[in-house]
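Asks: Below are the features listed in Swiss-Prot for this protein:
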| type | residues | note |
| --- | --- | --- |
| BINDING | 1-97 | FMN binding site |
| BINDING | 107-220 | NAD(+) binding site |
| BINDING | Cys266, Cys271, Cys274, Cys304 | [2Fe-2S] cluster binding site |
| DOMAIN | 1-103 | domain 'FAD-binding FR-type' |
| DOMAIN | 232-318 | domain '2Fe-2S ferredoxin-type' |
Amino acid sequence: MINMDVIIHKIHQLTPSIRAFELISANGSDLPAFDAGSHIDVHLKNGLTRQYSLSNCCSEQHRYVIGVLHDENSRGGSRCIHQDYREGDHLNIGTPRNLFEIHSKTQKAVLFAGGIGITPILSMAYRLKHQQIPFELHYFVRSHEMIAFYGNLTEHFPEQIHFHIQNQSETQCEMSKVLEEVAPDRHLYVCGPAGFMQFVMDSAQQAGWSDEQLHQEHFVAPQIDQSQNEAFTIEVLGSDRKIEVSAHQTATQALLEHGFDVPVSCEQGICGTCITRVVSGTPDHRDVFMTDEEHALNDQFTPCCSRAKSKILVIDLA
């Protein structure tokens with residue numbers, strides 16, 4: 001993946017805890033094109049790499065806009081970019097990748113965003129409007145002051161945007177009404193906290209929507225009980241090395257400690273950067289990147305979070 005040097009051109013305080021960072025090329029050239037739903041890897045000065053969705057219209061090549069929530073429970077990514085970066089500072093980023101594309105057969109769309117989940121959804125709204133595809137956007141927030149990109153939403157999508165504010169009965173969403181029209185060319189896109197997304201997905205499935213019509217973007221992997229973790233052994237194809245992975249470490253950590261180079265990014269099983277081929281053994285899949293069908297093949301796994309059901313896992317790092 002190609003990395004680029006960009007400059008933080010502007011910083012906007014969207015809400016008390018969300019800032020938008022407008023990024024431009026350091027050499028003045030256009031930035032690589034992207035599609036709605038794309039994200040970029042941001043390599044931070046504290047050594048962490050984090051993924052942030054692009055929120056601006058994909059027809060713009062002079063800038064990228066990312067929205068970053070300052071999470072008090074952050075592992076260091078959002079805290080670093082909020083506290084340690086100012087306008088004019090340089091950032092190293094990767095080229096855009098898209099794991100949350102608008103389905104090619106979408107003729108009508110329903111967009112759901114919860115909190116910071118508006119970031120990829122906003123870019124989708126721009127794209128759908130440009131393509132003249134009918135859509136509605138339902139944005140759920142805890143309070144009015146927590147609405148990110150309020151000006152953009154009300155200016156560009158006055159007929160499509162619906163704000164749903166917690167504990168305000170007049171803004172509550174009637175899910176059954178929103179989801180009552182079930183048609184093969186109608187697709188649903190959702191991004192936000194895990195519980196919110198599960199609620200939307202469950203509601204749609206109960207209303208008769210098929211899995212092929214439902215699309216979601218994870219920012220944080222669902223919590224997994226680690227108390228039952230067991231140690232296992234990794235054998236690296238082409239070497240005589242046997243790497244012991246303790247119950248309290250990830251496969252990636254064990255491999256790096258023993259000198260093996262494993263690309264990592266999100267460290268949560270979201271981005272797919274670390275996917276590694278499995279030669280033999282059975283992985284214990286804990287990622288949200290691969291599909292159930294891909295998991296069933298057991299021919300690859302994400303060492304940043306997944307483990308092994310078998311005692312030994314033989315992998316290919318070539």
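Heads up, the Cβ atoms here are built off N, Cα and C, so glycines get one too.
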Asks: If you count other C-beta atoms within 10 angstroms, which of the binding-site residues Asn27, Ser53, Asn92 is the most crowded?
Replies: Ser53
Asks: Let me know how many other Cβ atoms fall within 10 Å of the Cβ of Cys274 ([2Fe-2S] cluster binding site).
Replies: 24
Asks: According to DSSP, does Asn92 (FMN binding site) sit in a helix, a strand, or coil?
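Replies: The residue in question, Asn92 (FMN binding site), is strand (DSSP, three-state).
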Asks: Within the domain 'FAD-binding FR-type' (1-103), count helix residues (DSSP H, G, I), strand residues (E, B) and coil residues, in that order.
Replies: 8 helix, 44 strand, 51 coil
Asks: Going by C-alpha distance, which of the binding-site residues Leu122, Asn167, Met197, Cys266 is nearest to Asn92 (FMN binding site)?
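Replies: Going through Leu122, Asn167, Met197, Cys266 one by one, the closest to Asn92 (FMN binding site) is Cys266.
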Asks: Apart from Cys266, Cys271, Cys274, Cys304, which residues in this chain have a Cβ no more than 8 Å from the mean position of the Cβ atoms of those residues at the [2Fe-2S] cluster site?
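Replies: Checked against the 8 Å cutoff, the neighbours are Val264, Ser265, Glu267, Gln268, Gly269, Ile270, Gly272, Thr273, Asp287, Phe289, Thr302, Cys305.
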Asks: Helix, strand, coil: count each for the residues of the domain '2Fe-2S ferredoxin-type' (232-318), based on DSSP.
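Replies: Counts, helix then strand then coil: 13 helix, 25 strand, 49 coil.
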